[in-house]
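The domain 'Aminoacyl-transfer RNA synthetases class-II family profile' annotation in TrEMBL covers 139-417. Summarising the annotation, TrEMBL assigns L-serine binding site to Thr238, Ala239, Glu240, Arg269, Glu292, Asn390, Ser392. According to TrEMBL, the ATP binding site annotation covers Arg269, Ala270, Glu271, Glu356, Ile357, Ser358, Ser359.
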Amino acid sequence: MLDPNLLRQQPTELAGRLRATRGFELDAEALQALEAERKQIQVHTQELQAQRNSRSKAIGQAKAKGEDVAALLAEVAGLGDELKASETRLQAIQGELEGIALGIPNLPHESVPAGTDESGNVEQHRWGTPRSFDFEVKDHVELGARNGWLDGDTAARLSGARFTVLRGQLARLHRALAQFMLDLHTGEHGYEETNVPLLVNADSMRGTGQLPKFEDDLFATEVGDAASANNRRYLIPTAEVPLTNIVRDQIVEDAALPLRMTADSMCFRAEAGSHGRDTRGMIRQHQFEKVELVCVSRPDESYDEHERMTRCAEVVLERLGLPYRRMLLCSGDMGFSAAKTYDLEVWLPSQDTYREISSVSNCEAFQARRMQARWRNPATGKPELVHTLNGSGVAIGRALIAVMENNQNADGSITVPEVLRPWMGGLERIG
């Protein structure tokens, strides 16, 4: 959520910035009209409260003198009805204003290039040289099917489209990737391993920006009375949601910052807007596993943390020997909550291109304001909003695809990256 002062004091200027950088249309006139009505009704409500208090006091004084208070009682009752109606309208307007605020994306950092879509993204650097093959390259689906590792038919029978069953050595390699990433991030990068719930409430989804705007992309569960919000839970689309919400409604002491956390979790996405895209194999699934990185930071350190977190994700790919490139996303291609985002794209030989495997974002105070996540600034002794950052460290399914395709051999076997062999019982090759 953006600073409410921007919405109240500079709605026209804000609308222009959002249109230019995010392609987002904010109705400044409607916002100003609602804000004016809110102010008017708030003043009227306060006046009614003062009048009712004054008349209530007069009733006590009149009773002490033995005077007839019937007229005063009727007046107070009328003021009470009017006050209730005014408070109801005020709450409704505040709800409308909050709904507008919750639907506005974050403003990009000044270093973010302007653009409307991925064509405006800027390559920062590349690492590694894509391998030249002296045989016909197979994609991960062919490699998996050939070795009996990848079973899409059974997954479709169990759950439907966009699910996969992994078997045998490939399932073990998938697990090895997760263990390698967690050990790297906790042992070398200073992140605390965290095990988090896969089901969260609406407040958590609202805190990180998934609700209300992206509800169609979420899987929701209900127990008991479906009409009760307390019975509704959401399967997490990323461990960013529970990890970041750990500091929701909290005041973090300065000594605890930066707070760096990592978790390996299943992630669940409806992929409502991706019909027909990446339907083959494991590229785009309803359920997938990912190692997530989250940092809660002092505001003046968040961009240093952003570079650091991105580098932590890059190290994963370098240790695995996977060629990749870092892309700085333009303003129109960033996620809803992000102020600045780097995407890491890994080389996939079967597609002869780079595909996203990690996205690392600084959300500044956008999520913190929604969550009321604060730290105590030692300079002032007062609570202030923290900055939050999140990134994939990295997506395990896509890392598995990249390892399979980049390390394939002519006979369909896969050379196991050296860093994964301790979790593979020393195996150098599978298949």
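For all residues, glycine too, the Cβ spot is worked out from N, Cα and C.
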Rounded distance in angstrom between the Cα atoms of Ala239 (L-serine binding site) and Ser359 (ATP binding site): 13
Sequence-distant neighbours of Ser392 (L-serine binding site) in its chain (C-beta under 8 A, six or more apart): Thr238, Lys290, Val291, Glu292, Leu293, Ala313, Ile357, Ser358, Ser359, Val360
Ala270 (ATP binding site) to Glu240 (L-serine binding site) - Cα separation in whole Å: 17
Neighbours of Thr238, Ala239, Glu240, Arg269, Glu292, Asn390, Ser392 excl. site residues, C-beta within 8 Å of centre, L-serine: Ile236, Pro237, Val241, Leu243, Ser265, Cys267, Lys290
Collapsed DSSP category at Ala270 (ATP binding site): coil
Assigned element (helix, strand, coil) containing Glu292 (L-serine binding site), judged by DSSP: strand
Thr238 (L-serine binding site) - helix vs strand vs coil (DSSP): coil
Residue pair Arg269 (L-serine binding site), Glu356 (ATP binding site) - Cα distance, angstrom, rounded: 16
Between Asn390 (L-serine binding site) and Glu271 (ATP binding site), the C-alpha gap once rounded to whole angstrom: 20
